[in-house]
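Engineer: Before we start, here is the structure in question, set down as structure tokens.
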Amino acid sequence: MAMKNLLKDDDIKKALDQFKAADSFDHKKFFDVVGLKALSADNVKLVFKALDVDASGFIEEEELKFVLKGFSADGRDLTDKETKAFLAAADKDGDGKIGIDEFEALVHE
């Protein structure tokens, strides 16, 4: 999986532990702690492809709910509130899903 090759296990664990409680997820802090912000745009796009479980070219709301599991099987599901907030922050064109460029822009904002 792309995550293991691009991100450090310790950083993934630290990030997941920090957002273990329901409704505690903050995408900006998560991206920073897990090490995504430090990655190049190309590597962030590889992470996107790993999170795009159905390979549709988009991360839809249902996939977004399980985004933490994409980093580790130990990750929890996002709550509906967290999922909607994450989607609203990333979905700049309002199509209800996150495209690869929207994801990369969100990580590096």
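Count begins at 1; order follows the chain as displayed.
Each Cβ is built from the backbone N, Cα and C atoms, and glycine gets one as well.
The Ca(2+) 1 binding site annotation in Swiss-Prot covers Asp52, Asp54, Ser56, Phe58, Glu60, Glu63. Under the heading Ca(2+) 2 binding site, Swiss-Prot lists Asp91, Asp93, Asp95, Lys97, Glu102. Feature annotation from Swiss-Prot assigns domain 'EF-hand 1' to 39-74. The annotation domain 'EF-hand 2' is assigned in Swiss-Prot to 78-109. The N-acetylalanine annotation in Swiss-Prot covers Ala2.
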Engineer: Please classify the secondary structure at Asp91 (Ca(2+) 2 binding site) using three-state DSSP.
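Structural biologist: DSSP assigns Asp91 (Ca(2+) 2 binding site) to coil.
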Engineer: How about long-range neighbours of the domain 'EF-hand 2' (78-109): same chain, 6 or more residues beyond its ends, C-beta under 8 Å?
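Structural biologist: Answer is 22-23, 25, 27-28, 31, 36-37, 39, 41, 44-45, 48-49, 51-52, 57-61, 64-68.
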Engineer: Return the residues near Asp52 (Ca(2+) 1 binding site), defined as same-chain residues 6+ apart in sequence whose C-beta is under 8 angstroms from its C-beta, sorted by sequence, else 'none'.
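Structural biologist: Correct list: Phe58, Ile59, Glu63, Ile100.
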Engineer: Beyond Asp52, Asp54, Ser56, Phe58, Glu60, Glu63, what residues of that chain have CB atoms within 8 A of the centre of the Ca(2+) 1 site's CB atoms?
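Structural biologist: Leaving out the recorded residues gives Val53, Ala55, Gly57, Ile59, Lys97.
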Engineer: Starting from the Cβ centroid of Asp91, Asp93, Asp95, Lys97, Glu102, the recorded Ca(2+) 2 site, name every other residue in that chain with its Cβ within 8 Å, sequence order please.
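Structural biologist: After dropping the recorded site residues, what remains is Phe58, Ala90, Lys92, Gly94, Gly96, Ile98, Gly99.
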Engineer: Compare the Cα of Asp93 (Ca(2+) 2 binding site) against each of the binding-site residues Asp54, Ser56, Glu60 and report the nearest.
Structural biologist: Glu60
